[in-house]
Structures are given as C-alpha cells and as structure tokens.
Amino acid sequence: MAVKNFVVASFSDEAVLFPAVKKVRTAGYKIHDVYTPFPIHGLDHALGLRETSLHTAGFIYGITGTTTALSCMSWVFNSDWPMNIGGKPHFPLPAFIPITFELTVLFSAVGMVLTFCYLCQLAPFVKKHIFHPRQTDDLFVMAIEVTAKTNTEELKSFLASIGGQQINEQRAEAGWWYGRFDQDDRLFEAKRVEAVNA
Amino acid sequence: MKDQFVVPARLKTTSFVLMGIGLLTLLIGIFAFHGEHGSTRFWAGLLQNSSFFALIILASTFFIGATTLAHGGWQIGFRRVPEAISMALPVLGGILFIVVMLIVFGGKEHIYHWVNAEHVKHDPILTWKSAFLNKGTFTGFMIVTISLWIFFTIKLRNMSIQEDGWDLTAATGRRIIWRNTVWCGAFIVIYALSVASTTPWLLLMSIDAHWYSTMYSWYTFASTWVSGIALIILFVAYLKRNGYLPMVNEEHLHDLGKFAFAFSIFWTYLWFSQYMLIWYANMPEETVYFKPRVWGEWRPIFFLNLIINFITPLLYLMKRDTKRNYSSMVFISIVILAGHWMDFWQMVGPGTYEHLVFPWYEAGLAVGFVGLIIFLVSNQLTKAPLVPKNHPYLKESIVHHT
C-alpha cells in the first residue's frame, strides 16, 4: 500500500459520469476508482475492469463444502461410530444429501461474502480513505491517480470541461489500513490523510 | 430490421420430413404392437409423447404468465416467440385429449388399471379411490383443463397482437399492463390447479393407481417447465441466427440460461424430495414405484436421468460464458429436452410395458411431435411482427443488462 496523489472530481449523475469515464480513459489518465451511491450496470465495462473471479472462488468453496460434508459423515458412520439406524446401510447416500447440500451452500455463501469483502477491502477495524463524504449519498466521485506524467492543472481543467464539479487534489493512502472510522489513527500516523488543496 | 418472420422452405421441408418419420413410426407401431398386451406399448408411447409435448408447449404460456405477473421487462423483446410456441397448444392439447380418451374409453386397462370396472370391484384400494379416479371425472377434468389452457393461451396471444394496433400513450400503456396482469393472474391460478396438481395425477400417476406421491405433480411440472424454457431458447437462437429479433442479444440469452440452470436444480430438488421420503420411510406401498426403476431393469435409466437432467446442466450452465453463447445454449437445450423426454419415458414405461426396451418407437413418435411443433410454431411466428412494438416495457428489454 502506498500513499499517492489523486485528482478528485464529483459528477451529479450517471448520464454525465459515463461519457466522462470514457473521455478520461481515452485521454490516457489512470482512473484509480469511481465511487457511486448505487451499483451501476455497465460501469465495470466502461472502466475496463476484468471479469471478477468471485464465482470461481464460490465454486471452489462449494466443492469444499460438499467434500467436507460427505467425508465427515461417511467417516463418522462407517469407521468412527457405525450405527444401525432403521436398518439403513452405513453409507446411506440419500440421507446425506440434505446435509451435503446445506454445507455446500453454507461454505460457498460464507466464503463468497468474505472474499467479496476482501476484494472490496471491507472489514471491521479497517479504514479506507473517503474521497468525498457524499460519495455514498448522491454524488458520483471519480479519483484519478497522479502519475509522473500527469499535468495536474491540465487534468483539472479537463475534468471541469467534461462536467466534473468540486475538483480538488488529495494525497491519500490508496489501500486499507487498521483503524476505526470513529477514532483517529494512532498507530499509523504516517498514513494520516491530508487534503493538499481541498 | 427484419420484423416479419418468413418460413424458409428448408424449415418447412424439415418439419414435413420429421412429421413423416413420426407418422411412419405410428403406422409401424400399429402393426408391431397389437393384441391385448402387445398394444400396451403402442398406447404408452402415445401417452408419454402427447402429454410431454402438450405440457412443454403449455409451459410457454406459463412463461408469459409468470414473467408478466412478475412485471418482467427483459422478455418483451422476444415475447412473441413463447406466444407463437404456446399457440401450438390447440393442436397438441387436442392430440393429448384424443389419446387419453381412446385409452380410457377403449378400455386400455394395461395403461390405466382403473378403467376396468370389474377389476376395480375386487380391488379395495381402487374402489376407495374410484370416487375421484373414474372415467367421468377423468373426462371432465381433461375437457375443462385443456379447454381452459387453450382459451387463456389464445386470449393472451390475441391481446398481444391487438395491442400492436393501439396508439402508444401513457393511458394505453397502463391499460396494456393492467389487462395482461389480470388475465395472466387468472391463468396462473388455472395452471397451478391443473398442471401443478390434478393433471399429472390423472395423466401419469394413475398409471400406478395404487401408488401416490404428493410431490409427483410438482415434479412433473418442473420437468415440463425446464423443457419449455429449453424450447424457447431453441426458437430464439434459431430466429437470431437467421437475422431476426434484432433487440435480443446475449443478455437475454444469459437470463434464459439462468432459468434453465435454476429450474434444472429445482427439478432435482423435487425429484429428490419425492425419492428421499419414500426411501426413508421404506413402506412397501410407496417403494413399489421405485422397485422396477432403481432395482429393476430401469436402473440405468434411473441414473442416466439424474446425470442428464441434473449433473450436466449444473456443471455446464454454471459458467457465465456458456450461458452467453448461442451454440452452447442450443446444445444444452437439446440435452435438457432429451433428458426430460427420457424422464417422462421412465414415468410411463415401468408401469405399463414393464420391460426396458430400446425406445425406437417412442423416439420415432417424439421426432414426429418435434416436426409438428416446428411446423405449427413457424406458422404462428409469421402471423405477427416479432416485436410487440407498443408494450410499455419494450425499452427495458432493449437496454436489458444482466
């Protein structure tokens, strides 16, 4: 994780945001991320993000659940503590299916939620920099990373020309760090965020 | 923009050839299977095919009903396809009615034991059930349900075509939604009371008249519903390939694929619910149904059924790319249709002609039915533009994104 410089612009609605994303990408600027108050269909394509692998992870978790359930139950009822239940065989597959199904669903659901949180960098006791307080309310916020080649003033006027509002520069930690949103950071003073030119 | 379907000569020829194969099989069947016991397979094959194909045609009406009631917008772009498929119902329903009437009143007691009054007298279980399971009730139910299905199918189709002629205003838009919702709601009630309960009892469960299962109707419904979706996918893919349905793209195909995926699992859920309760309780009057299927000659079909109808769609349709590709969806739709046809085969076969045989006769009839459906549906597709241009949700369908 690294502290980086960003140019941040807000957009009033998605009809302005979409063309803006396209123009910013065509102009060659590096979009760090776009924050929207609600999920927007097609924005991932517009941003050129790759397809998520979350479903593959879900499949693997599900298979793990299936294997766990079947192997645990067959171990218990065949070698650990064989019991005669209603004259059924020691490996009564139909009776195992509901539990296998439940464990498959449980493993894939819980696993996918945790993976999703990890991918979104969401967790308790973890902080992320918020570029604009209204990004979860009614503003569409685009953060553009300032690289060595970026001319900041040019970028700001470019953003203003394509509908950006409240354009400012921020210096912030790009990833997540330990902390709580209701408390100031103590351990990682160096990562404290300050607005350069708010 | 090609909006009006024209039946290509090749498709027409194909449908006639397929129908010819079906008729030929029927003729061979008349000579191959005759006599008191021999004709059992002849009638069982007809019963299996006519009920399967009539019910998967009806699933298209259910598709329109369910998506309309759910206020779905995504299906409007190809809504004329299930409409056209459902319009094959008058013919298919008629065939089904004629077949079951011939079985019941022709005294085919090897199909339905309960049609023999003399036999019922000496059979306490059938005597007990005879208040419901008799020729009069059977005929009454068949007449009422099949005519109601046909009435609602034609009504929904006519409303949709009529709406093309209206001026599109806010008021007509609201009126379209309102009256479609009302008629679809009424249809769903009829459908639930017939296909999801009485119809499978009478048509198929009464083959094993001593046996009963409360899951049976739902299981049959799930079978026909997922096959019906596969049929819609096949027609959509065919039209798309020939340059029609410009508003339909892989997003719509993806959603149809999700339906096929989800309801394949739903079918398995119901299949398993029926099987497990009977397996667990292990009561002779219930296990009698599964004895020939699991421990008899039909054992391979029993497991093949699960592999084709559950494992294959589950693993194949799980991936996003397969649901968004026309060729792969056509492939899996054919697999699903064949699999559920086989499911109906193992519902009918063990209770009637008992022995597992190579199903050349049943498959031949199925080919004939496929030809008939292609012929009827392609004819219906020409009768109206392929896009319901006045439907208020059309735009939602065009910009649809899964």
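For all residues, glycine too, the Cβ spot is worked out from N, Cα and C.
Whatever TrEMBL says is automated annotation, not expert-curated.
Listed features, source TrEMBL:
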TRANSMEM  B:12-32  transmembrane segment
TRANSMEM  B:52-72  transmembrane segment
TRANSMEM  B:84-105  transmembrane segment
TRANSMEM  B:136-154  transmembrane segment
TRANSMEM  B:182-204  transmembrane segment
TRANSMEM  B:216-239  transmembrane segment
TRANSMEM  B:259-281  transmembrane segment
TRANSMEM  B:301-318  transmembrane segment
TRANSMEM  B:330-348  transmembrane segment
TRANSMEM  B:360-377  transmembrane segment
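Two recorded stretches are said to be in contact when at least 3 C-beta pairs lie under 8 angstroms, sequence spacing 6 or more; the transmembrane segment (B:52-72) and the transmembrane segment (B:259-281) fall short of this definition. Here the transmembrane segment (B:12-32) sits apart from the transmembrane segment (B:216-239); fewer than 3 CB pairs are under 8 Å, leaving out pairs fewer than 6 apart in sequence. Same-chain neighbours of the transmembrane segment (B:182-204): 47, 51, 55, 58, 61-62, 64-66, 68-69, 100, 133, 138, 141-142, 145, 148-149, 152, 155-156, 159, 212, 216-221, 224, 344, 347-348, counting only residues six or more beyond its ends whose CB sits under 8 Å from a CB of the stretch. Under 8 Å from some Cβ of the transmembrane segment (B:216-239) lie the Cβ atoms of residues 5, 52, 55-60, 62-63, 78, 81-82, 84-85, 195-201, 204-205, 245, 248, 252-253, 256-257, 259-260, 263-264, 266-267, 270-271, 274, 309, 326, 329-330, 332-334, 336-337, 340-341, 343-344, 347, 373, 377, 381, 386, all in the same chain and six or more residues away from its ends.
Residues 213, 215-216, 218-219, 222-223, 225-226, 229-230, 233, 287, 289-290, 306, 309-310, 313-314, 317-318, 323, 329, 332-333, 336, 340 of the same chain sit 6 or more residues outside the transmembrane segment (B:259-281) yet have a Cβ under 8 Å from a Cβ within it. Using a Cβ-Cβ cut-off under 8 Å and counting only residues 6 or more beyond its ends in the same chain, the transmembrane segment (B:360-377) has close neighbours at 11-12, 14-26, 28-29, 32-33, 41-42, 45-46, 48-50, 52-53, 57, 84-85, 87-88, 91-92, 231, 235, 341, 345. Here the transmembrane segment (B:330-348) has long-range neighbours at 44, 47-48, 51-52, 56, 204, 207, 220, 223-224, 226-227, 230-231, 233-234, 237, 257, 260, 264, 267, 293, 298, 301-302, 304-305, 308-309, 312-313, 316-317, 322, 359, 362, 366, meaning same-chain residues at least 6 beyond its ends whose C-beta is under 8 angstroms from one of its own.
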